[in-house]
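Here's what TrEMBL has on this protein:
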- 23-287: domain 'NADH:quinone oxidoreductase/Mrp antiporter transmembrane' (DOMAIN)
- 289-342: domain 'NADH dehydrogenase subunit 2 C-terminal' (DOMAIN)
- 60-80: transmembrane segment (TRANSMEM)
- 92-115: transmembrane segment (TRANSMEM)
- 151-169: transmembrane segment (TRANSMEM)
- 190-218: transmembrane segment (TRANSMEM)
- 238-261: transmembrane segment (TRANSMEM)
- 273-293: transmembrane segment (TRANSMEM)
- 323-347: transmembrane segment (TRANSMEM)
Amino acid sequence: MNPYVLALLLFALGLGTTMTFASSHWLLAWMGLEINTLAIVPLMTQHHHPRAVEATTKYFLTQATAAATLLFASVTNAWITGQWDIHLMSHPIPTTMIILALALKVGLAPLHTWLPEVLQGLDLTTGLILSTWQKLAPFALLMQIPLQDHSMLIILALTSTLVGGWGGLNQTQLRKILAYSSIAHLGWMILIIQFFPSLSLLALSTYLIMTSAAFLTLKTNNTTSINMLATSWAKTPILTASFPLVLLSLGGLPPLTGFLPKWMILQELTKQQLPLTATMAALTALLSLYFYLRLSYAMTLTMAPNSLTSTAPWRFSPHQPTIPVSLTVMMAMLLLPLAPALMTLFFI
């Protein structure tokens, strides 16, 4: 892709997200989401592969449906209450429609079915943008909507943690596994978003770091399936030794970074007199932990077949910058000792 076109698309991507961040009016927020969607569509089709075109078509139709529902709900809210302000949502019908539209945009279960299929058809770089940056604008709107009843978000969140863990169990494609991982992590963030928004923001930040580390590692090793993980030792031994720790951090095991948000979310849920919800969320995390352990086993404890037709790859110099993957891998493993500083940063 032409670098000027790429820079223009990335600028539009940032502009759409920033516009949604800064808006308190539903029409302006909708415009930011539309700019965001239209900017990523050319990035998704830049390789002109049939799978990429199919994934882009699915993504565009899904996002257009969510945007139309959001616009209809905001117009309905303005018609009923006379208000376009995001913070003044009071009627339950448009509020419910907007939450469902934003859930469809980010891929919350049971509106998640498009996400694994779309992510499977993209390259790892665009998949990274879809899994991280594209979540920010709808997430910012979800944080601003006032709710009288939290049961709908709790049901969506618990369904997402369950589906995200269950759906990834029988997958062999790494992009689909990361898609289900994204669904499960979004469930944890939505679970606490109305009770403690700062904690939800902390969970989102750690998710962005860990998912970036996972995608950049797979891009460095050029691996897209579990079988290809067995050749990682010959390519990047140090990165291969670190990647299982990143996966276990995604699973939320101490003493890694991913343990911090889950631990604090469970603690806050018990403070909100929701011990059953906290127990169900902790149990669904075990499902996700299984396929993270499966990936760790495939990467570190299996070897590629040494036959005449299959030789181990040479360890060439990497073609992409290695500083981002190094930084994100270190942050995905070692941020837990900085928990007091992170709590001060996010909660004050």
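Cβ atoms are placed via backbone N, Cα and C, with glycine included.
Just so it is clear, the model here is predicted, and its values are computed rather than measured.
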- Message: On average, what pLDDT score does this prediction assign to the domain 'NADH dehydrogenase subunit 2 C-terminal' (289-342)?
- Response: 76
- Task: Please indicate, using numbers and ranges, the residues of the same chain that are 6 or more beyond the transmembrane segment (92-115) and have a C-beta under 8 Å from a C-beta there.
- Result: 33, 58-59, 62-63, 65-67, 69-70, 72-74, 76-77, 80, 134-135, 138-139, 141-142, 145, 147-149, 152-153, 156-157, 159-160, 162-164, 179, 182-183, 186-187, 190
- Mind checking which residues reach the transmembrane segment (60-80)? Cβ under 8 Å, same chain, six or more beyond either end. 26-27, 30, 33-34, 37, 41, 89, 91, 93-95, 97-98, 100-102, 104-105, 114, 118
